[in-house]
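Trainee: Swiss-Prot lists these features:
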type	residues	note
BINDING	Gln11, Glu71, Gly144, Thr145, Thr179, Asn206, Asn228	GTP binding site
MOD_RES	Lys40	N6-acetyllysine
BINDING	Glu71	Mg(2+) binding site
ACT_SITE	Glu254	active site
SITE	Tyr450	site 'Involved in polymerization'
Amino acid sequence: MRECISIHIGQAGIQVGNACWELYCLEHGIQPDGQMPSDKTVGGGDDAFNTFFSETGAGKHVPRAVFVDLEPTVIDEVRTGAYRQLFHPEQLISGKEDAANNFARGHYTIGKEIVDLCLDRIRKLADNCTGLQGFLVFNAVGGGTGSGLGSLLLERLSVDYGKKSKLGFTVYPSPQVSTSVVEPYNSVLSTHSLLEHTDVAVLLDNEAIYDICRRSLDIERPTYTNLNRLVSQVISSLTASLRFDGALNVDVTEFQTNLVPYPRIHFMLSSYAPVISAEKAYHEQLSVAEITNSAFEPSSMMAKCDPRHGKYMACCLMYRGDVVPKDVNAAVASIKTKRTIQFVDWCPTGFKCGINYQPPTVVPGGDLAKVQRAVCMISNSTSVAEVFSRIDHKFDLMYAKRAFIHWYVGEGMEEGEFSEAREDLAALEKDYEEVGAESAEGDEGEDDEY
């Protein structure tokens, strides 16, 4: 078996995690108490869903997941929520005082008290696996726990499980909407370690997802629940091929191989289609070509950056539902002819496709319509650099005045760590610029842009 362990860190990680596990359970027909009526073999570890769930002797299915937060309120919602019986109490780890939006607290003072306990729980889950494939890490880099404890855990995982792949689903600060003043600091410090310790990171950004909910689902005032349900569809589509049998299955290491041209260039954009409300879906025929085109629309991207400003290096299309390879090939061929979708010239093929016959599931009472087929796109585009340059700019404005720095230094950080992290990100922006320009002397003098 190729098992995956999910690690949910901080408020964002946990709430996205809740949405994901709710969806997984619905997809597999697992009840909130962990029973699965359709599974006839008790304790049989050979079903595809065992990559994400372990099975007890009593026939209960337990998620291979750990939830960690430095303060209890968010985890208490899991402990009292609809799926409280699904998780083993030891999988829910909470501390007493939170990181107070401070990377240094999450990474040094308070985080280090809880990190050994987390690793211990993760070790128990890993011992339960016959062939651990890797980790899915969910966090946000704007707060204190997601950024600080998140990086600390990633660093320790690299030491303990060197070769296992780590896929990050990371919520980045939005251009306009901000949840804390020191977001730029936390993000830069955290990205510095994400660069080294994750193999693929999928960037998500609340503002972009708000806009998708508003525009495509006609939700006037989207809540985090609306956002997370949309994100969970993306993550479910990515992991569907690990959990179901399909025609073209994709495994976690395959993402890495196909999407990451250079180790540092591993920050991905994601999009999902069709995002459509039930009222509209009734009147629309969503063909493979249509959903593929809409997945490439700049407005479908789940991070605020415009892929038209950069070039694609690679792109992974995960279809699910009623899709045959012939339609996929036709859709991809038509994408390649579009002038607006540009690939770097050193990557001529650029597409990796997966097909899974399990149609997308929707959460009852959710916002998305039940559709026959859907596609999730994960792409590596040089336009991601916009996300970093935006954060770097905000970081520079604050750091020039050394604003708020004393909170970090007071928790045992050194000022040098700030400049080191900032230089690392400057190098990353430079890397992206070079990758986009690294072409042979191209036609139409495209090199003049830089």
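From the backbone N, Cα and C atoms, a Cβ is placed for every residue, glycine too.
Worth saying up front: this structure is predicted, and the values here are computed from it rather than measured.
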Trainee: Rounded to the nearest angstrom, how far is the Cα of Glu254 (active site) from the Cα of Gln11 (GTP binding site)?
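Mentor: Checking the Cα atoms of Gln11 (GTP binding site) and Glu254 (active site) gives a distance of 29 Å.
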Trainee: Count the Cβ atoms, other than its own, that fall within 10 Å of the Cβ of Gln11 (GTP binding site), considering every protein chain shown.
Mentor: 24
Trainee: Including all protein chains shown, what's the count of other C-beta atoms within 10 A of the C-beta of Gly144 (GTP binding site)?
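Mentor: The Cβ of Gly144 (GTP binding site) has 27 Cβ neighbours within 10 Å.
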Trainee: For the binding-site residues Thr179, Asn228, which one has its C-beta crowded by the most other C-beta atoms within 10 angstroms?
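Mentor: When each Cβ's neighbours within 10 Å are tallied, Asn228 leads.
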Trainee: What are the sequence-distant neighbours of Thr145 (GTP binding site), meaning same chain, six or more residues apart, C-beta distance under 8 angstroms?
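Mentor: Correct list: Ile9, Gly10, Gln11, Val68, Asp69, Leu70, Glu71, Asp98, Ala99, Gly106, Gly111, Asn139.
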Trainee: Please report the number of other Cβ atoms within 10 Å of the Cβ of Glu71 (GTP binding site).
Mentor: 18
Trainee: Which has the fewest other Cβ atoms within 10 Å: Asn206, Glu254, the recorded positions listed?
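Mentor: Counting other Cβ atoms within 10 Å of each of the recorded positions Asn206, Glu254 gives the minimum at Glu254.
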Trainee: At the level of the C-alpha atoms, what whole-angstrom distance separates Asn228 (GTP binding site) and the residue listed as 'active site'?
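Mentor: Rounded to the nearest whole number, the Cα-Cα distance is 25 Å.
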Trainee: In whole Å, how far is the residue listed as 'active site' from Thr179 (GTP binding site) when you measure between their Cα atoms?
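Mentor: About 35 Å separate the Cα atoms of these two residues.
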Trainee: Give me the CA-CA distance between the residue listed as 'active site' and Gly144 (GTP binding site), in Å, as a whole number.
Mentor: 32
